[in-house]
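Annotated features in TrEMBL:
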TRANSMEM  66-86  transmembrane segment
TRANSMEM  113-137  transmembrane segment
TRANSMEM  181-199  transmembrane segment
TRANSMEM  227-247  transmembrane segment
TRANSMEM  354-373  transmembrane segment
TRANSMEM  379-397  transmembrane segment
TRANSMEM  409-438  transmembrane segment
Amino acid sequence: MEEEASSSTTTTTTTPLLRRRRWSPRVPATLRLKTTLCSEISGAVGDLGTYIPIVLALSLVTHLDLSTTLIFTALYNIATGLLFGVPMPVQPMKSIAAVAIAESATHLTLPQIAAAGLSTAAVLLLLGATGLMSVLYRFIPLPVVRGVQLSQGLAFAFSAIKYIRYDQDLATSKSGPPRPWLGLDSVALALAAVLFLVLTTGSGDNNNNADHHSGESSRRVRRRLRVLSSIPAALIVFLFGLLLCFARDPSIVNDLKFGPAKIRVLKITWEDWKIGFVRAAIPQIPLSILNSVIAVCKLSGDLFPDREASARSVSVSVGVMNFVGCWFGAVPVCHGAGGLAGQYRFGGRSGASVALLGVAKLVLALVFGNSFVGILNQFPIGILGVLLLFSGIELAMASRDMNSKEESFVMLVCAAVSLTGSSAALGFGCGIVLFLLLKMRQLECCSAFGFLNFTKPKSSIDDESQLGP
């Protein structure tokens, strides 16, 4: 009887548990949400202020295949979200794009752009696979890295202000007359977007420092800030910009064609390799090493101390991505510190943020193909400038952790040289030299020049006099 009772008890207790068990898909740990879904989606559009202008300009000037670029960058976004577990961005290589767009006399062709991307990828893949990139990351002084981040962030902010204040000809990368104050792409509209983002996201810190309030007042402030931070501000601004595209030119609806473009393999000649390497890869390689690997790894450690990306994996990732996509005409890409700062600034906290962006790009590429260029061409540049402004400021604010005047001095000189010389490599070199000189000043003469120091401290002389002859 006791055995029957125990068996019936077991049956009655386990049956409800079995009924409650339901199958649910297992989400990889790197894609699990660290915050709300709305915040992750908002963070996904945080780097579009950089992505859209470069890709659109390349599509207009060099006839870059937008459909192919969207497909491959979508796959890159999903892969990096799975691999790194942080909102690691996928951005066009800026120096290659600048050469391809700005030098109007002889624009780079698609095979030459691909050759430049493949050459840069080969260097990064070699440095990553051999472990040399990890060595560089370990021994480069922090003030120099901060100087590179500060210069890149301020460069983004300066470009953003130009986007907001002046009309832009993306095909020539030149600023036009001052932007009108009123209209569908006006200064007033951009300023309204700035005010909205400041009110909803504050300075980028979710806590927003409500500690100076007390009691019930403190709870009300925290509650209000929690509600404001839950608003997907960047996503709202971006969707508003998309609506303005159709308001500015309703005829773009007629130009939409469904279906992706055909993917083809590029034929790269020896002449293309030579031109692409000399004109575009040589200036891109130091920028990719400093900003796309070293700076982005350091920033990932600052923002996500438990999920810091390794220099080796980031370097190999850039190499593999370009070795896959450049052969098919996709834009050369890298991982930019500015994109990571922008996605974090607007709420991205996990790999799900960039994975969702990848899914959206893939849908657009498969549904609209190259006809989506017409929509992007009508996107308000002032709105893109606003998104770029916040991304640049967030990246520049990473340099606020300098603890001494000496570190700040090295950082600021490195940033100043990078900005005025328009070369991160030049600023990096000056920063390294300056850092070493300051360290040499701290060495004693006997260590620096090999001379013995016969001068005895006063305390030791006094001690000897007390000992007697």
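Placed from the backbone N, Cα and C atoms, the Cβ positions cover glycine too.
Annotations in TrEMBL come from automatic prediction, not curation.
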For the transmembrane segment (409-438), sequence-distant contacts whose Cβ falls under 8 Å of one of its Cβ atoms, 6 or more beyond its ends: 140-141, 143-144, 146-148, 150-152, 154-155, 283, 286-287, 290-291, 399, 402
Two-stretch contact, the transmembrane segment (181-199) and the transmembrane segment (379-397), at least three Cβ pairs under 8 Å: yes
Best-contacting stretch, by C-beta pairs under 8 Å, relative to the transmembrane segment (66-86) and drawn from 227-247, 354-373, 379-397: 354-373
Within-chain partners of the transmembrane segment (227-247) [C-beta distance under 8 Å, separation at least 6 from its ends]: 36, 38-39, 41-46, 48, 184-185, 193, 196-197, 199-202, 206, 208, 253, 346-347, 375-376, 378-380, 383-384, 386-387, 390
